[in-house]
Amino acid sequence: MRQTPMMERRRMDASLLVLLLGHLAAALEVPLDLPQPPTITHQSPKDYIIDPRENIIIHCEAKGKPHPSFSWTRNGTHFDIEEDPNVSMKPHSGTLIVDISGAKAEQYECVYQCTARNKHGTAVSHNIVVRQSRSPLWSKERISPMVVQEGVSLVLPCRPPAGLPPPIIFWMDNNFQRLPQSNRVSQSLNGDLYFSNVLREDSRNDYICYARFPYTQTIQQKQPISLKVLSLDAINDTMAAFYNDTDLFNDPADERKPTFLVPSGPSSSKTVLRGQVLEMECIAEGLPTPDISWTKVSGELPAKRTYFLHYQRTLRIENVSESDAGDYRCTAKNKLGSVHHNIHVMVKAAPYWISAQPRNLVLAPGENGVLTCRASGTPKPSITWAMNGIPIENSPKDLSRKVEDDTIIFTDVQTGSSAVYQCNVSNAYGYLLSNAFINVLSEPPRVLTPANKVYQVIKNHRALMDCASFGSPIPKITWFKDSRSSTLDGDPYILHDNGTIEIHTAQAHNAGKYTCVARNSLGKEENHILLEVKEPTRILKQPEYKVVQRGRSAVFQCKVKHDPSLIPTMTWLKDDGELPDDERFYVDSDSLTITEVSEIDAGVYTCIMNTTLDHDSASAELTVVERPDPPSDLELTDQKKRSIQLTWTPGDEHNSPIQKFLIQYEDSLHHRGHWHNLTEVPGTRTTAHLKLSPYAHYTFRVLGHNAVGFSRPSFPSRVYKTEPAAPDENPTGVQGLGTQHDNLVISWKPLTGLQSNGPGLHYRVMWRQKAVNSDWNTASVVNTSKFVVSGTPTFVPYELKVQAVNDHGAAPDPAIAHGFSGEDLPVAAPNNVQVMVLNSTLAEVHWDPVPSKFIRGHLKGYKVYYWKEHSLHKHNPHHVEQEILTFSGNHTHGKLPGLHPYSLYSFNVRIYNGKGEGPASTTQEFETPEGGRTRENVLSFFLFFFKHFNNSNELGPVEELALSANETSVTLSNLRHSTRYKFYLNAKTVRGAGPTISQETVTIMDEAVASRQVDIATQGWFIGLMCAIALLILILLIICFIQRNKGGKYPVKEKEDAHTDPEFQPMKDDDCTFGEYSDNEDHKPLKGSRTPSNGTVKRDDSDDSLVDYGEGGDGQFNEDGSFIGQYSGKSVSRETAEGHESSEAPSPINAMNSLNSFV
């Protein structure tokens, strides 16, 4: 059988558990370089079944010092191997090999026992009973056909030949297909086939019983059994042909209460051995077929070890113990009654060890010891002792040895007392034989665990470090860590008898170097061991449950954290087995991707991260869903004139429950080839009661719907035709509207063919004027959905009705609808029109409503026509564009926004209806006052100036640019590199120039030029010059300080006062404004000027100042290009401006950005 990764992992876990227990309970091992009696290490089983076609190999292996010699007994007497040419013994071994090519295997079916001896003692094996497996042929027999009456019980016997071991029985047909079994037909434990009652479908001629013999792997078959089951009439006809008697069977097989076929009688008993499998069966016949149930009369059935097989007919209890003894009851029951059978179970036990079997003893001269052979069984077994294969009572007397039942006590043993003792425990059901030696040695300690062995353990797990040792007397083990400051004894350390030290929960600080020391009276020996504590492997992101539609991809994430020193291996499993060998499965370092998933991919996926020390795993289920399969088996029942019952069978849900069913229909009489939705029903239902219309040829189909979507439609049902009838309903959407001033158009939504209910559909149209006691006018129309009434008064209300009629009658009296005849243009204009000017850009118009008799239609609203005649400024041109404002509904006033200040406007008002506009009212005029923005305070352009500083720090000639009002930036080219410039900007309107702002900056050196220059900062002469200048400045500062204390001016100040710009002589030092462009009344602060103490700049009282239109000082332009931001009253402090100058690197880009911040 192929081992899956999950099976291997579980086996590894089990091996670790066995290894762990072995650490704590290993038997004493004597190194093979020391003298020791023989020990049997391997032998064939007690009941040894061989294949007669292969050579016979009887195993017997032993160890000892010196190496033991071997001999055999056969059937209790010495077996001289050299005298039998077919038998040989393997070198350095006691294993026998029997060559059967020259002999028959039957000759070697005997009881064998192996003896291994050296000068220190003799060990013997248990008795090995050799038997060859047998698969005898079925005896020749003629089986007559069986003819039985329907309903009776029947047993088909198998009776296979006795084999060794017993064969496995099963029933098949001629095609090697297993015969179906059920609670009515089942196989018994002995292989017979039982029928509680036979049915006619049980008739066949190939009931064949097969026997498979496992050792020889052969299958033999019994002759086929022919069975014919006949009804009562068929049996009478058949028998009459032979006996001329037609009254052989008068009564059919009646229904009957159960009776047991196996076992017989009301009770029985069964004996089973402890540890084996208990199987009990109860097979009953009856009609109807009885059901079988089991109970334990004297207690409860062991749930974890109990299994019910063969449709409850067999009760199986595994690993039987004494507690399973007692009375069991099987009950057979059908509707006619029940029957019981009690089985008394007795549990016997072959001998078994209560504790471990006897262990070897290694004693130093003068020491004491005990050999214990403690076993039990039912009945209680007897215990006998032997020494070196000889009954102990026949062995030489030894004063240091005392036998007490199952114990031998040794006192003050001496050299030469070594021997092998055999303990034999037996009762009627078996025996146990165990060898244990006593070896008297004087040996100093030796540590058997390899030196410097490295143990690795996971943090928070148990750590076990071995110090296997040998010595006689038995050495005492002590442990130390690192500095050997103290022995390791007590929490967290646990020292076991075999020298192993245990740390129950290892932590990082437990890692390090350990030393174990073995001491006895003859000396000591030590060994060093290293312990490494590793971080555990953990899955941080587990795979999650996935529901994926067929054909799409599924991705399972499995992110893992592990100790970096351990090599991880990621394994993915599907349903605890290997992943399919399919390219659609792609495994990445931390994920599994399945593309184009299908139903076979559904299952549980597990990611396992393995290291050499631990592992972690996580699982998630993949459910593959798809649209449901189409329903099938549509059936129409309960047919009525106006309804029918539809039944169907749902299709496969594909793992997504069906939420609803959609039922559609096709009317092949009126709309062939078109399917319409009829109704929906919940997904738990498979029938629907459908309401139908007369005069239709219905075909139905059903679609299932789940979370994925709709299935394909089912195959259509058969056609169902309904009979015609009078219409059930009248047309909807009846309305009356006039297309001309003297007509009325009546329209409606026509009935569908399905709504017509019969042939000859037409419409009866009725109308009359509302509020006039007149009779209904009637007209009949066919194949149309409107009717025109001519010669009507203008815009008069009407009452309307449209009734559906066919060859089988008329629909119920229709409801009355309302409409109006055609509209005409209004004939009157609004009166009492007045205007009220609210401000320079807004006016409000008022009027009286037009009387309804002059509207001649549905009032839609009023329209105000207005236009600007001209501006009241003489130099502004005339404006004649006409604008219209519409006021829907019955309004009597409206506002005219967006007017131009100081302008003359004309306007009139008109009413309009669905037909159009009426006449205009008398045209009137009004003027808007001043107050809006005019030409005088609209920004015209910007004036931009700039000058550069020369080498003496004096301003050079001015250069001037005029910028249009909509420009917000300017790029200057051909400036001098590494030169300081000063820029000025002010705005200008027709009233004059505004305040000036300024900004200084330094241009940077061009990269190409810089690359050609020498870095003077690294030249020696430059460094010397800078030092001299620094010294000179220091002297000047001292002189200035002295003069200031005397109240005089220092020369630098005088020099600054003497140097004024000849080009800008009018510019004042106080406010930095230009004399020829500045307004003496406007003193705006420039960069570096002082502001009032409140931090604001006082503006003048000029009405034309741009400050009047400022909206918050954000430095932006208004829609018409006027500059409004800089004049909003904000100022810049000296400290902030100077801070910007000193902190930013001088460059043209920074200079322009600084300038733009003012613009």
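Heads up, the Cβ atoms here are built off N, Cα and C, so glycines get one too.
According to TrEMBL, the feature signal peptide maps to 1-27.
Taken from TrEMBL, the feature domain 'Ig-like' covers 38-125 (among others). Taken through DSSP, the domain 'Ig-like' (38-125) splits into 10 helix, 46 strand, 32 coil.
Feature annotation from TrEMBL assigns domain 'Ig-like' to 136-226 (among others).
Summarising the annotation, TrEMBL assigns domain 'Ig-like' to 258-346 (among others).
Marked as domain 'Ig-like' by TrEMBL: 351-439 (among others). With DSSP states grouped into helix (H, G, I), strand (E, B) and coil, the domain 'Ig-like' (351-439) comes out at 3 helix, 49 strand, 37 coil.
Among the features that TrEMBL reports, domain 'Ig-like' is placed at 445-532 (among others). When the domain 'Ig-like' (445-532) is classified with DSSP, helix, strand and coil residues number 3 helix, 48 strand, 37 coil.
Here TrEMBL flags 536-623 (among others) as domain 'Ig-like'. Break the domain 'Ig-like' (536-623) down by DSSP state and the numbers are 3 helix, 47 strand, 38 coil.
According to TrEMBL, the feature domain 'Fibronectin type-III' maps to 630-725 (among others).
Per TrEMBL, domain 'Fibronectin type-III' is recorded for 727-824 (among others).
Under the heading domain 'Fibronectin type-III', TrEMBL lists 829-931 (among others).
As annotated by TrEMBL, transmembrane segment applies to 1021-1042.
Sequence annotations record features per position, and here TrEMBL assigns region 'Disordered' to 1052-1159.
Taken from TrEMBL, the feature compositional bias 'Basic and acidic residues' covers 1052-1071 (among others).
Feature annotation from TrEMBL assigns compositional bias 'Basic and acidic residues' to 1132-1143 (among others).
Look at TrEMBL and you will find 1150-1159 tagged as compositional bias 'Polar residues'.
Of the two recorded stretches, the domain 'Ig-like' (536-623) lies close to the domain 'Fibronectin type-III' (630-725), with three or more CB pairs under 8 Å once pairs fewer than 6 apart in sequence are set aside. When DSSP labels each residue, the domain 'Fibronectin type-III' (727-824) comes out as 4 helix, 47 strand, 47 coil, counted as helix, strand and coil in that order.
Count of Cβ pairs under 8 Å against the domain 'Ig-like' (351-439): among 445-532, 630-725, 829-931, the largest is for 445-532. Over the domain 'Ig-like' (136-226), the average per-residue pLDDT in this prediction is 90. According to DSSP, the domain 'Ig-like' (258-346) comprises 6 helix, 54 strand, 29 coil.
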